[in-house]
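Colleague: Structure in structure tokens, see below.
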Amino acid sequence: MLDIKQIRENPQLIQERLNSRNGTYDIQPILQLDKQQRELEATRSQIQARSNEIGKIVGQKIKSGINPQDPEIQALRDEGNAIKAQLSELEPREKELKAEIEQLILALPNLPSDSTPIGKGEEENVEVRLWGDEYLPQNPNIIPHWEIGEKLGILNFERAVKVAQSRFVNLIGAGAALERALINFMLKMQTAAGYIEVSPPLLVNTDSLTGTGQLPKFAEESFKCADDELWLIPTAEVPVTNLYRGEILAAENLPIYHCAYTPCFRREAGSYGRDMRGLIRLHQFNKVELVKVVHPSTSFDELEKLVGNAEAILQALKLPYRVINLCTGDLGFGATKTYDLEVWLPSSGKYREISSCSNCFDFQARRADIRFKEAGKKGTQFVHTLNGSGLAVGRTMAAILENYQQPDGTILIPEVLQPFLGREVL
């Protein structure tokens, strides 16, 4: 959530930075309502001051011995009653204006950082580095992961459609075991890196989704329970970040690192016709998420470390990947800066996103009201929050099924996963 004071004091800069994003955002309605609200507040303050003054005068006169029924006192009381009636009309309108302003600000995305490249879309993202050329598969006849998975009997999409609908999958036998091995391996790596594991609720309330920025803008992307004010989580970022909603943390307890494995649920309303086959874009998928709550002075350094934690998984699995600095036009709603990790999928000859690591600055902290206090100092500040996948499990499995695919149709198991699976080949 953007700061109304920042919008008010730097309207041109704010509008320019919003214009660099993909979308149309206009801060003028906010400025107009803010002007009305502040004028109303000033009027109310003046009237309230007069009401306080009248109360003081009446009290002094009665204390000095003047009869409470004296015409002068009665006139002051009449004026005071009229002011109270006026205030009772002004206060609801002021609250209404504040609520309107808040709703408009909630619809605005975060401001891109100075180190985020300017661009209109993904074609203008900037490649930061490539890793793993020596691990590019030499098999010239690699087939897509969904085909090899079905041939091996470890993936079944047809029966998942029968049970649910399209964009679901059944993992069977060694497929389910491989997924479980990946989850355990990822959690082991991240807890060793200092993250504290959390097993959070998979259903969250509206305030939680608003706090991390999914609501109100992306309601159509989420699954909502029909009879309850609860939503299935699109990512563990939501429940884990909201652990601290409405709290004031001690500065000495920062940074806070959490990792969480959860199923994630997304309607994929805007992706009709894309990635209809395979594990890339599902309504339900598993992911290990990394979340950081940090001091504002360290958040960009923490982002680099977060990316390194996600990269460590890919490097341990020896999966070729690249790191991309997303441009302003491709930046997520709540992020000020994002690095995407894209893994190599040889069947399509493309790198595909497997992790998105973002610094959200104080955007989520303002929405969720997460603050911290320095010992011995007055006042509080908003924390900075970061999140990233460490990693998306289904996409990691897809990358293994393709990059480790052998000419005879078998799949070698990455060495680091063999202790979890008790086998070397699928």
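Including glycine, each Cβ sits where the backbone N, Cα and C put it.
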Colleague: Record says Thr235, Ala236, Glu237, Ser389 bind L-serine. Source is Swiss-Prot. Which of Glu197, Glu289, Glu342 does it list for that same site?
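Modeller: Answer, per Swiss-Prot (L-serine site with Thr235, Ala236, Glu237, Ser389), from Glu197, Glu289, Glu342: Glu289.
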Colleague: Roughly how many angstrom lie between the C-alpha atoms of Thr235 (L-serine binding site) and Arg266 (ATP binding site)?
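Modeller: Thr235 (L-serine binding site) to Arg266 (ATP binding site), Cα-Cα distance: 9 Å.
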Colleague: Around the L-serine site formed by Thr235, Ala236, Glu237, Glu289, Ser389, list the extra residues of the same chain whose Cβ is within 8 Å of the site's Cβ centroid.
Modeller: Val238, Val240, Ala260, Thr262, Cys264, Lys287, Val288, Leu290, Val291, Asn387, Gly388
Colleague: So among the binding-site residues Thr235, Ser355, Ser356, Ser389, who's got the most Cβ atoms within 10 Å?
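Modeller: In terms of Cβ crowding, the pick is Ser355.
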Colleague: Taking the Cβ of Glu268 (ATP binding site) as centre, how many other Cβ atoms lie within 10 Å?
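Modeller: Around the Cβ of Glu268 (ATP binding site), 13 other Cβ atoms lie within 10 Å.
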Colleague: Fill in the CA-CA distance, Arg267 (ATP binding site) to Glu237 (L-serine binding site), as an integer in Å.
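Modeller: Here the two Cα atoms are 17 Å apart.
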Colleague: Tell me the Cβ neighbour count for Ile354 (ATP binding site), meaning other Cβ atoms within 10 Å of its Cβ, over all protein chains shown.
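Modeller: That number is 27.
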